[in-house]
Amino acid sequence: MLQSLASNSCVRLIQTHKSTWYFVSLVVGYLLYLIFGAVVFSSVELPYEDLLRQDLRTIKKQFLQENDCLSEERLEQFLRKALEASNYGVSILNNASANWNWDFTSALFFASTVLSTTGYGHTAPLSDGGKAFCIIYSMIGIPFTLLFLTAVVQRIMVFSTRRPITYIHTHWGLSKPLVAIVHATVLAMLAVSCFFLIPAAIFSALEENWNFLESFYFCFISLSTIGLGDYVPGEAANQKFRELYKVGITVYLILGLIVMLVVLETFCELQQLKQLRKMFYLKKEKPVDRLAILEHDQLSFTTVSNSGTTQSQDKSQMFVSVPTLASPNDDPMIQ
């Protein structure tokens with residue numbers, strides 16, 4: 001008996017706080033997915049890092065043996081200075097000295113990565129004035145970019161998603177959820193083809209040291225605004241039409257980001273995903289004033305209904321309650 005009561009209370013507790021339990025499971029699942037990614041990245045990349053460290057030690061040792069006049073401290077100091085400059089996008093190599101990081105096209109590309117929060121990190125402001133302006137420019141520009149992207153995506157969604165789905169549902173008589181799923185799938189395939197596969201093939205042809213996988217990796221990292229910065233196009237020493245190439249990449253990033261947002265918004269409007277999101281959201285509580293008004297209206301309605309019922313019963317008694325005569329002689333009028 002006690003066990004059945006305890007189980008019933010547990011079931012009742014879970015049902016009353018269903019959204020809370022769903023949210024807790026969501027948090028636990030996210031943490032487990034985060035740990036899973038860390039374990040996989042560590043197991044895959046750690047051996048390559050160790051191999052690279054060993055190669056660098058071997059090259060450094062061989063260089064010091066071939067140059068006895070150079071001490072290890074002097075070499076360390078030189079390499080440290082070179083790496084600090086490389087972190088700011090400045091290279092001391094002869095074949096990279098012709099490329100400037102802060103000409104107009106490179107600065108335009110940098111501004112687009114800042115406003116889109118991609119931030120490759122291959123170029124950074126060198127001066128204190130540039131760092132201060134970058135802060136102010138980002139504080140104004142990032143909300144401005146969000147407003148711009150929201151307005152553009154909202155207008156595109158009308159013609160790319162809502163009207164086609166409504167037209168097919170109305171004229172062909174198909175189920176609206178089914179049409180929405182098929183439309184979202186087709187739209188995602190077109191976006192992958194036009195902004196991932198085709199650009200990856202173009203980048204692998206234009207960039208000498210990139211294969212198709214590396215080019216596709218750059219497209220995904222860029223349009224998802226991750227922006228690791230390990231692959232940045234247009235940085236080769238013998239890059240032809242570098243200025244025009246940088247402008248084209250800037251346009252590609254802006255258009256690609258808009259298309260990605262349109263695809264994501266299309267999937268978010270699916271009925272199945274809406275129901276899935278509602279599982280983890282808090283239920284909207286009615287305001288106290290509204291509840292008081294509803295209770296007052298219900299009380300007034302109940303009072304009016306009860307008074308109306310009483311009046312109808314009284315009226316029926318007035319017309320129905322007539323004394324029953326046992327015989328005609330009992331009537332006083334006859335008497």
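Indices start at 1 and increase along the chain as displayed.
From the backbone N, Cα and C atoms, a Cβ is placed for every residue, glycine too.
Record features (TrEMBL):
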- 95-156: domain 'Potassium channel' (DOMAIN)
- 193-268: domain 'Potassium channel' (DOMAIN)
- ASN95: N-linked glycosylation site (CARBOHYD)
- 21-44: transmembrane segment (TRANSMEM)
- 135-157: transmembrane segment (TRANSMEM)
- 178-203: transmembrane segment (TRANSMEM)
- 215-232: transmembrane segment (TRANSMEM)
- 244-264: transmembrane segment (TRANSMEM)
Same-chain residues at least 6 beyond the ends of the transmembrane segment (215-232) whose Cβ lies under 8 Å from its Cβ atoms: 113, 116-122, 195-197, 199-204, 207, 253, 256-257, 260
Long-range environment of the transmembrane segment (244-264) - Cβ separation under 8 angstroms, sequence gap at least 6: 105-106, 108-109, 112-113, 116, 118, 149, 152-153, 156-157, 160-161, 184, 187-188, 191, 194-195, 199, 206, 219, 222-225, 233-234
Residues of the domain 'Potassium channel' (95-156) by DSSP state, where helix covers H, G and I: 43 helix, 0 strand, 19 coil
Secondary structure content of the domain 'Potassium channel' (193-268), with strand meaning DSSP E or B: 53 helix, 0 strand, 23 coil
